Amino acid sequence: MAYNIWEEYIMANFHNVYPVVTNLFLFIALSYSFCIFVFFSFFFVKMRKVIYFFLIICLHSNVGWHPFFVFFCGVSGLYVKELQVGNYYICNLKDYANETCTVNYDYNKMIKLLCPINKSYEEYDDRYCFKFIGIRDRLVINNQEEPIMDTLPGIIIENLNMFDRYNVGIYMPFYVKEDITIVCTCESSKDSEAITPYLKIHVKANNSFNKEGEFIKGCDYGNNKGKHQFLTNTLKQEENFLCEINANPGEVVGMNCINFEEYTTTTTINNKKKKHQNKNNKNNFDVIQLRPPHCFSNVSISMSFLRVVTMNVNNLLPEAKYYPEVYSFPKDKKFQKYSTISYLWIPENVPHDILFYCHCNFPQGKGIGLFNINKTVES
C-alpha cells in the first residue's frame with residue numbers, strides 16, 4: 001500500500017517537473033546554437049580569403065569538394081603567400097600585393113599565380129610575363145621587345161577571372177634549350193611605393209624533360225621553326241594534311257596549330273614597343289582551332305571508315321597526364337593564342353598499341369596529328 005502511494009507521488013511530481021526540465025534543456029541547446037552560429041559567422045568573415053584561396057586550388061586541381069571541407073575543418077587557420085599541393089605551386093599575390101614569389105622550373109609543376117584586379121590598369125595579358133633582366137627604381141624591368149613565346153617556345157599561359165582576382169595558369173614547356181629566368185608580374189596600386197609584385201621562375205635546361213636538347217615529339221601545323229620551334233614535326237597544312245607520330249611509354253607528345261611569328265608584329269607607338277595582333281595574318285581564332293575540344297584530354301578514335309568517336313584519354317590510358325587542364329569556367333580570350341598548344345604525358349604502363357588523333361581546323365581544311373602509342377614491352 002505504501003509502495004503505491006510513493007509511486008503515485010513520484011509520477012505526479014514527474015509530470016510537473018518534466019516540462020520544466022525540457023524547457024531548461026531546450027533553452028541551453030538554443031543558447032549554444034546561437035553562440036556557435038555567431039562564432040562561425042565571425043570565423044567565416046575573418047577567414048574568407050583563406051577559404052576562397054583553397055577553393056581555387058580544388059577547382060584548379062579537379063579534385064572535387066572533399067579537400068575543401070578537410071582543409072576548412074583541419075587547417076583553415078593557415079594563411080599563406082606560397083603553397084605547394086602535389087605538383088601544384090600557388091603564388092598568392094592577391095593578398096600579398098607588395099611581395100614576391102620564387103620557384104624553380106619543373107616540367108611536371110603546374111604554376112598558379114593569383115593577382116589582384118586593379119581597375120585603374122589594363123586587363124591582364126601575356127605581356128606581363130617576360131624574361132627577367134633586373135630591377136630598377138623598385139620596378140621590374142620589362143623587356144617588351146622579346147615576347148614570352150620567343151623566350152620559352154611551347155609555354156602555355158591562361159587566365160580565369162574568378163573571385164575578384166586574376167587566376168593565371170602557367171604550364172612550363174617540356175623542352176627548354178637554355179638556362180633562363182622569367183617573371184610574371186601583378187599590378188600594384190597607384191599609391192604603392194613597394195616593389196612590383198611578381199613571380200620569378202628559375203629555368204634550368206638540364207631539368208627539362210629531354211635533357212639531350214631534343215624537341216618534343218609532336219605535330220606543329222603552325223610551322224614554327226628557329227627560335228619558336230619546340231615540336232619535332234613542323235609543317236604546313238597546305239603541304240601535309242597528315243602528321244604521324246610514333247611514341248613509346250613514358251614519352252611526351254605535343255600538338256600545335258598557330259604560327260607565332262605570324263601572329264604578332266612589332267610596331268612603334270609613342271616610341272614604345274608594343275605587341276598587337278596582325279589583322280592581315282591567317283591566325284583568326286574563329287577558324288583556327290584545335291579539335292576535339294580540350295585535346296589531349298579528349299581524343300578522337302576511328303571505329304570504322306565513317307564512324308569517329310571522341311572520348312577522354314584516360315579511358316584509353318588511365319594514368320596519362322594532359323596539359324593544359326580542363327576547366328568548367330570560361331578562359332580569358334586574350335590568351336587564345338596559347339589555346340592550340342597541348343601536351344600528353346604517356347604513362348609507363350600501356351597495355352596494348354593505341355591509335356588516336358587530334359586535328360587543327362583551318363579555313364582551307366584540316367591538319368591531322370595521328371599518334372600511335374606503342375604498348376609496354378615486358379622485361
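Placed from the backbone N, Cα and C atoms, the Cβ positions cover glycine too.
Note that the structure is a prediction, hence the values are computed from the model and not measured.
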Checklist entry - Cys129 pairs with which of Cys73, Cys91, Cys184, Cys186 in a disulfide, per Swiss-Prot? => result Cys184
Item to check | Candidates Cys257, Cys295, Cys358 - disulfide partner of Cys360 as recorded in Swiss-Prot | outcome: Cys257
Checklist entry - Rounded to the nearest angstrom, how far is the Cα of Asn118 (N-linked glycosylation site) from the Cα of Cys186 (disulfide bond)? => result 9
Next on the checklist: Given a separation of at least six residues and a C-beta threshold under 8 Å, show me what packs close to Cys219 (disulfide bond) in the same chain.
Outcome noted: Leu231, Asn233, Leu235, Cys243, Ile245, Gly254, Met255, Asn256, Gly367, Gly369
Item to check | Proximal residue to Cys91 (disulfide bond) among recorded positions Asn98, Cys115, Cys295 (C-alpha distance) | outcome: Cys115
Next on the checklist: Distance check, please: Cα of Asn98 (N-linked glycosylation site) against Cα of Asn118 (N-linked glycosylation site), rounded to an integer number of angstrom.
Outcome noted: 14
Next on the checklist: Through the lens of DSSP with three states only, how would you label Cys257 (disulfide bond)?
Outcome noted: coil
Next on the checklist: Between the Cα atoms of Cys358 (disulfide bond) and Cys129 (disulfide bond), what distance do you get, rounded to the nearest Å?
Outcome noted: 29
